[in-house]
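Input: a single structure, listed below in structure tokens.
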């Protein structure tokens, strides 16, 4: 046997920790991992001085194709992801138009992804009052899970799931072994607070932040946990913004509820004070919190109570992010390129978070949660998906690859630059260049 590619002098970030070893690849998979590989190779790459991370599996991305490619599409979105060390992502059922609520919409988006995506991808299906009768079909065609909003999504074509819809959707998901992801904010609470603020003529940044307090997240998390406990469904709480909500969900996990917890890099890197300074580029829901709440979130992460960190990349054209009325602006942050950067800077460099924990949060844990055993780790038999990172290199992020440049991470200083990203042993990104043609494949989950 000969290898297709041999990495020499690597520092591998494995589930057990950092390991100096060689890595051999055959047919897109890791074939050897040992201190010194003697097997001949068609190509040998000296990666001395670099860390080899498992490719990021971003479990929360909005690429909006078809229908809203002018917001973000597979081509530009996956370039940004690859430049940030990602080799796989899970695309949300909105904001493509129409959203992924049926088998037909799933198949349309899957076809476009296989034509255009640089990296591998899975597709979430929607869970709304409009498509309860379509969930069996979506499960059969291979959705990675079902996504529900417990508050208004911002798009009328993807309405919020009322309590019965969410409950029945969880029962269906349980039957198919699928995860249900929830945007957990109280619909009634946030709607009434928003109406009251606007009736009083309030329209500023702080007015918006105060219209979605932490308690609106806690109330929705509690309900989602109750429904998951009663149905036995697997629950994934997305973009959790507060330490209190993490603690509540983790308590449920300790009681036996099948729940995982995702937060996002913007909640870890920016605060509500930054929103007041930066403006529209940092509007999201749940909103960014005050510094004390952010520190509580970090404490929960450092305690091991958070399972995944996903970008929630959700850009929009500049005209949707320009208004004197902050309530009317599109809520979404461009962050596909920066998740690993944030975790290396704010987690590893500033707080001593071990590299293997970062790799678990960004790769291993989402791969395990969503039934993707070939992904998420550097191990013999796994797909040869990895990023080459100069861990000690400090830089300012000034080159971005997503469609719109209204990006809050521009100009931020980070430690740990991604030099290259490899998908199944082939480079897709190298030092500012994208190599080859789109080669992304559709990922379908194995039964949980």
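Even glycines carry a Cβ here, placed using N, Cα and C.
When the candidates 183, 269, 305 are compared with the Zn(2+) 2 site entry in Swiss-Prot, which names 147, 239, the shared residue is 183.
According to Swiss-Prot, 60, 62, 147 bind Zn(2+) 1; the candidate from 307, 312, 319, 325 that the record adds to this site is 312. In the structure as shown, the Cβ atom of residue 239 (Zn(2+) 2 binding site) sits within 10 Å of 23 other Cβ atoms. Shown in sequence order, 60, 92, 148, 149, 181, 182, 184, 238, 312 are the same-chain residues outside 147, 183, 239 whose Cβ sits within 8 Å of the Cβ centre of the Zn(2+) 2 site.
Other Cβ atoms within 10 Å of the Cβ of residue 147 (Zn(2+) 1 binding site), summed over all protein chains shown, number 29. The CA atom of residue 62 (Zn(2+) 1 binding site) is located 13 Å away from the CA atom of residue 239 (Zn(2+) 2 binding site). A gap of 9 Å separates the Cα atoms of residue 60 (Zn(2+) 1 binding site) and residue 239 (Zn(2+) 2 binding site).
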